[in-house]
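Right, one structure below, let's go through it.
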Amino acid sequence: MSASTTATLRHDWTLAEVRALFVQPFNDLLFQAQTVHRAHFDANRVQVSTLLSIKTGACPEDCKYCPQSGHYNTGLEKEKLLEVQKVLEEAARAKAIGSTRFCMGAAWKHPSAKDMPYVLEMVKGVKAMGMETCMTLGRLDQEQTEALATAGLDYYNHNLDTSPEFYGSIITTRTYSERLQTLAYVRDAGMKICSGGILGMGESLDDRAGLLIQLANLPEHPESVPINMLVKVAGTPLENAEDVDPFDFIRMLAVARILMPKSHVRLSAGREAMNEQMQALAFFAGANSIFYGDKLLTTANPQADKDMLLFSRLGIKPEAGEGHADEVHQAAIEQALVEQQSSSMFYDAASA
């Protein structure tokens, strides 16, 4: 067994080391990743989250992959910030069918002073339901970060998207250093970090390695690392980007698992395009978190009942959330997920 499979937490990965992980034989890489995974997680448990878009469209950022950018005509109807009560109703529905974490996303460059009180009420309300809370609101200043932490926010999502070298080819309205600063504020405020990136934007292997190096070499590893496959949306500059080789995507998940042994690696956007065999490989490679429901912000996500049927076929069960380890409660969640047949409970932020 190589030194890398011992799952020692490191923050000094080099490009040469990570490149070597990527290019080794596929079976060797997956064996190594699965070995690391089993050292820290139950290999047959997957964390389940629900994501709600609380403010959709008209974002001033120019991210070339994003249908919510106001710079591109994608046909997405913009919406104002959802009312707090509506958000809490959706959180209650998500909890009722088994989600343990509720993530709220807003298409902002950064939250405004007038919106922050409503955002904080959302956090407090969802937290009061006994769910883990997560938000993605764009860039934060230190005061906003501390306010979110005080309100009870558990996780803050702020993706790095790609390597520092390729970043300028995708986004010009926010710097890489600004993203890193937001992550530093989040960590200093005592919240957990959710940060990852996207494959399929024209990046090189070294860019993929570079993204993971940035994340793994942070002072503390992100607790959650979402790995997204580009969802090509008409009207965005990347609508005709070349498809990602499925094996290359699985390699990305496996290397993320090896570099960040204790982090949840999330199989995130793009799952709609993955067949069941590819998703099963993703779980074997160390992915142990998914978004559950019909929409991932504004792009399609596999239907909830299909997810649970696949879980059943693979012998996978949903992971209990923090503070939700009671066996009776967990059994009820698992049964509700298996029996769930309708996805009508989930709010489609793009169709309101």
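Backbone N, Cα and C atoms are what each Cβ position is placed from, and that goes for glycine too.
Taken verbatim from Swiss-Prot:
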type: BINDING; residues: CYS59, CYS63, CYS66; note: [4Fe-4S] cluster binding site
type: BINDING; residues: CYS103, CYS134, CYS194, ARG266; note: [2Fe-2S] cluster binding site
type: DOMAIN; residues: 44-262; note: domain 'Radical SAM core'
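Feature map: Swiss-Prot annotations on the structure.
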{"residue": "CYS59", "record": "[4Fe-4S] cluster binding site", "Cβ neighbours (10 Å)": "21"}
{"residue": "CYS63", "record": "[4Fe-4S] cluster binding site", "Cβ neighbours (10 Å)": "23"}
{"residue": "CYS66", "record": "[4Fe-4S] cluster binding site", "Cβ neighbours (10 Å)": "27"}
{"residue": "CYS103", "record": "[2Fe-2S] cluster binding site", "Cβ neighbours (10 Å)": "25"}
{"residue": "CYS134", "record": "[2Fe-2S] cluster binding site", "Cβ neighbours (10 Å)": "24"}
{"residue": "CYS194", "record": "[2Fe-2S] cluster binding site", "Cβ neighbours (10 Å)": "29"}
{"residue": "ARG266", "record": "[2Fe-2S] cluster binding site", "Cβ neighbours (10 Å)": "25"}
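For the domain 'Radical SAM core' (44-262), the model's pLDDT averages out at 88. Residues SER49, LEU51, ARG101, THR136, TYR155, ASN157, SER224, PRO226, SER289 surround the recorded [2Fe-2S] cluster site, their Cβ atoms falling within 8 Å of the Cβ centroid of CYS103, CYS134, CYS194, ARG266, which are themselves excluded. The subset of binding-site residues (CYS103, CYS134, CYS194, ARG266) lying with their Cα within 10 Å of the Cα of CYS59 ([4Fe-4S] cluster binding site) is empty, i.e. none. Put simply, ARG266 ([2Fe-2S] cluster binding site) is 19 Å from CYS66 ([4Fe-4S] cluster binding site) when counted between their Cα atoms. Counting in whole angstrom, ARG266 ([2Fe-2S] cluster binding site) lies 21 from CYS63 ([4Fe-4S] cluster binding site) by their C-alpha atoms. Between the CA atoms of CYS63 ([4Fe-4S] cluster binding site) and CYS194 ([2Fe-2S] cluster binding site) there is a gap of 19 Å, rounded to the nearest whole number.
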